[in-house]
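Asker: Below, the features straight out of Swiss-Prot:
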- 182-191, 216-218, 423-433: FAD binding site (BINDING)
- 445-541: region 'dsDNA-binding' (REGION)
Amino acid sequence: MHWQTHTVFNQPIPLNNSNLYLSDGALCEAVTREGAGWDSDFLASIGQQLGTAESLELGRLANVNPPELLRYDAQGRRLDDVRFHPAWHLLMQALCTNRVHNLAWEEDARSGAFVARAARFMLHAQVEAGSLCPITMTFAATPLLLQMLPAPFQDWTTPLLSDRYDSHLLPGGQKRGLLIGMGMTEKQGGSDVMSNTTRAERLEDGSYRLVGHKWFFSVPQSDAHLVLAQTAGGLSCFFVPRFLPDGQRNAIRLERLKDKLGNRSNASCEVEFQDAIGWLLGLEGEGIRLILKMGGMTRFDCALGSHAMMRRAFSLAIYHAHQRHVFGNPLIQQPLMRHVLSRMALQLEGQTALLFRLARAWDRRADAKEALWARLFTPAAKFVICKRGMPFVAEAMEVLGGIGYCEESELPRLYREMPVNSIWEGSGNIMCLDVLRVLNKQAGVYDLLSEAFVEVKGQDRYFDRAVRRLQQQLRKPAEELGREITHQLFLLGCGAQMLKYASPPMAQAWCQVMLDTRGGVRLSEQIQNDLLLRATGGVCV
């Protein structure tokens, strides 16, 4: 018997086979403006590949098939390994092929390589975010290791700089590509790493014996981890490889994988060091200094990753609104919905402008002024963007309605993924305290801000008023106001970039919406049209 109760209609088809790069006008402009226009053709190519149904399916598969801890083999021998779904390995292979883990560190890296790498990172993050964890840690650790690789591991340089992903369980020197992890957090300390109890004792050959634990040990399958441990000289940073120079496994015991809210594809582990061997990087007592050198880059990636997921959520929402009809018209033509989507697009415009200005600062960090710019605005961007992500994705869910709340949609996974970047590499308060530390202790920071804001002074009254408000707060920056100061600093950083590079009507609209404390701003029809055109590559208007 043939059953047919109804015909399915007015249900949008899934967003597959789109170009993640060319559909994002703000990103395309920022890449060229900030010095990586030479990578545009390649970005368009990988944007097309990553936007396919096949790539998006890999992201889904990697999350519904989380990693599995293998502590013992069938005979009871320790394995201390992690098994991943094949989709994970394909995602990692694509990331390494596209050099998201080391583009800026190649010997012949071009000017703007940090900017190009940021764009590549952002495109991959829209497909699957968990696989970016090993990539960002490897990216941050590589420049330090290129300077400080211990003598027994000098043959690691070539695989560190390769474009290969190698998941084989082998010593690093025998592999075609390497991953580096970090181990800092302990049960009692969290962000307070000075309270770490893991001890390191120097041995006769110059290596150290480590005894202790780590509570969150990301990517336990990495070829080595940079680990904080206490020495006679204070908290220090150690290179702790998975395999020792003689080919034996190091004494790193994998105890349990974390059962996390999101980030399901990525393995986060509890580990114990039972006389593990490590090699000191730098001097005893320099652990915090070395970790902070890497922490700035991983914090930047947190902000970039959250922004990318916001961009993906917005793309799903506007694509749905373009196809779905209500009351006889496309949802995107309904005045209130069009205004909501336009404001979401405007928010992404400002974030894109600031993030890629930050990427340029990281690219030119040899210049003291650029390094200071990155030092100040990186924690500010991480604080604000990572916090914005959750309500932003929830707003995108509302555009789709009930179907956006179902697991068949990408949005539940994006929503669960969002909180991790607010926590990883320092939660919100840590970011705000870091901003205050820069404002209170870094010479030249007020001159830097003055120069950035004076450059666009007089172009918008809301911006000028917000600058004066921040100046008053900075006369005596109280710790209790750290969040407000950080948020205001971030907004002014975005506003300065918008006033400098966006069209005057769009820049002024951004300043009024984001900086007018009275609220109730209505975007003009022309601004809405421009925003939605730029946000979709001219498709959904």
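Glycine residues also receive a Cβ, built from the backbone N, Cα and C atoms like all the rest.
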Asker: Tell me the Cβ neighbour count for Met431 (FAD binding site), meaning other Cβ atoms within 10 Å of its Cβ, over all protein chains shown.
Answerer: 27
Asker: DSSP-wise, what's the residue breakdown of the region 'dsDNA-binding' (445-541) into helix, strand and coil?
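Answerer: Summed over the region 'dsDNA-binding' (445-541), the classes give 71 helix, 0 strand, 26 coil.
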Asker: Return one of helix, strand or coil for Thr185 (FAD binding site), based on DSSP.
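Answerer: Once the DSSP labels are grouped into three classes, Thr185 (FAD binding site) ends up as coil.
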Asker: Which has the fewest other CB atoms in a 10 Å radius around its CB: Thr185, Ser191, Ser218, the listed binding-site residues?
Answerer: Ser191
Asker: Relative to the Cβ of Gln188 (FAD binding site), which residues of the same chain, six or more apart in sequence, are found under 8 Å away?
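Answerer: Residues satisfying the criterion: Ser195, Thr197.
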Asker: Could you check what DSSP calls Ser218 (FAD binding site) once collapsed to helix, strand or coil?
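Answerer: DSSP call for Ser218 (FAD binding site): strand.
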Asker: Any same-chain residues 6+ apart from Gly428 (FAD binding site) with CB under 8 Å of its CB? Would you list them in sequence order, or say none?
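Answerer: Expected: Phe383, Cys386, Lys387, Ser422, Arg483.
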Asker: May I ask which residues of the same chain, at least 6 positions away in sequence, place their Cβ under 8 angstroms from the Cβ of Glu425 (FAD binding site)?
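Answerer: Spatial neighbours, sequence-distant, of Glu425 (FAD binding site): Gly295, Thr298, Arg299, Cys302, Lys382.
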